[in-house]
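Asks: Dropping the structure in here first, questions after.
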Amino acid sequence: MAEVSTNALLPETFQGTAADIAGQIGLMWELIKAPLIVPLLRVAIYICLPMELMLFIERLYMGIVIILVKLFLKKPDKRYKWEPMREDLEIGNSGFPMVLVQIPMFNEKEVYKVSIGAACNLSWPSDRLVIQVLDDSTDLLIKDLVEKECLRWAGKGIDIRYQIRESRGGYKAGALKEGLKRDYVKDCEYVVIFDADFRPEPDFLRRAIPFLVHNSEIALVQGRWRFVNSNECLLTRMQEMSLDYHFTVEQEVGSSTHAFFGFNGTGGVWRIAAINEAGGWKDRTTVEDMDLAVRASLKGWKFLYLGDLQVKSELPSTFKAFRFQQHRWSCGPANLFRKMVMEIVRNKRVNIWKKFYVIYSFFFVRKIIAHMVTFFFFCVVLPLSLLVPEVEIPVWAAIYIPCIITILNSVGTPRSIHLLFYWILFENVMAFHRTKATFIGLLEAKRANEWVVTEKLGDALKNKDKTKPTKKPRGSLFGDRILPQELGFAAFLFFCGCYDVLYGKSQYFLYIFLQVITFTIAGFGYIGTIIPS
């Protein structure tokens, strides 16, 4: 048989050598680079640089204000009237206001006992306290366990009510709204909300309620979250760094300067009259807590943040749970901004400076610009600029300002300062998810109202060695563990880094390759705790 020619097996278009193909691709790149890529990249840089400066000015402002607050501002119990609640020999406990404790739950098998027990152990007269467990669980076994736990505490003399609904309409907002409609709530003046993984100290109410009792203008007293599992893995350490900055700086500055900040959804005490005046709970976004806070603020109510009023809670320790949480926390504020910006502008009960703070600082810079500039500038524009030497990014924008912003962000968690560089890389990965969610919220796209309850593991991990691991179903590997979008960005950044090594004059490839590693680790799901299915 005659030897078959290689050319006969390949179409003519593929008969060129690898060098020829690379040359053709290079020629096509040169043809489109000057008329298309260079102008587009310059426009992107001109957009990103002002955004970065806005974020820098915001962080610098917050840093200066928090220093002034710590040095010169009086403590909350000196700025507002505060007197401890005491029993009166003549009138007994009637001097204590009626307080409602709401604990919304959804299939919380691992943590329901801890949260119910902590609420039942609050130091407050039992005849002036009503505990309401709002159980939206779909698992009948878990519902039964929660109900039995409530009955157990009721047998000890605690006024605890187990409430269920026919449907999960409105999710958490719907449950809280339904809970306030109960007849036994009409005598309650205040409501404190604890998510299922929150564990308040016994003196929580005795420290928070007096601010509301003695200061009629205050609608909300917010406590600070502390995390019982922050040392569980690197993922929880990264979250602790971000959230500690939020509480130490953002909440403190908002409370001290404008008496406004976003309610964190749990660990806070509301005046029920303020909730009603603001229009009650609404489920139009996935951030019902922020929605209520903004509406109450527009009615003239003030908020108070107490940094030393701490509540223990749990951070999501699996990457999947964290991604869903961040989607909700990024999509919701953007969607709320879209729906409320004109309402804030037209409001006549608050001054122009507070309006500016809420619209520009609270929403636009922190909830929109921060995500977008982090992703587009550092994960798209900067790497692309390595392929286009005609476009230069100023050193101050690529290095100096990001370093200052990062240092300012680190003040909340000094113990993790050695993890700062990895935190930057991790935040860049998460900026991709947050930016995508922000656009979904702004455009009110398909997933705008997606609500996935954050998974809590409680003590499950402590017992994981005692439990025989089961094999994961094959279908759950792709999508849960292997994430194509992260791996795609890793490939793109790897190409940009290699090009910079071969042809570039900058040293940005050092950062690029480290970012490649972080995207790759995330892409294969090796972030956070991996538990047996």
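A Cβ is built for glycine as well, from the same backbone N, Cα and C atoms used for every other residue.
Pasting the relevant annotations from TrEMBL:
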type	residues	note
DOMAIN	190-405	domain 'Glycosyltransferase 2-like'
TRANSMEM	43-73	transmembrane segment
TRANSMEM	356-387	transmembrane segment
TRANSMEM	393-411	transmembrane segment
TRANSMEM	482-502	transmembrane segment
TRANSMEM	508-531	transmembrane segment
Asks: Limited to the domain 'Glycosyltransferase 2-like' (190-405), I'd like the whole-number average of pLDDT.
Replies: 95
Asks: Residues of the same chain, at least six outside the transmembrane segment (508-531), with any C-beta under 8 angstroms of its C-beta?
Replies: 232-236, 316-319, 322, 378-379, 382-383, 386, 398, 422, 425-426, 428-429, 457, 460-461, 464, 480-487, 489-490, 493-494, 496-498, 500-501
Asks: Counting a contact as 3 or more Cβ pairs under 8 Å, with residues at least 6 apart in sequence, do the transmembrane segment (43-73) and the transmembrane segment (393-411) touch?
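Replies: They do touch: at least three Cβ pairs between the two stretches lie under 8 Å.
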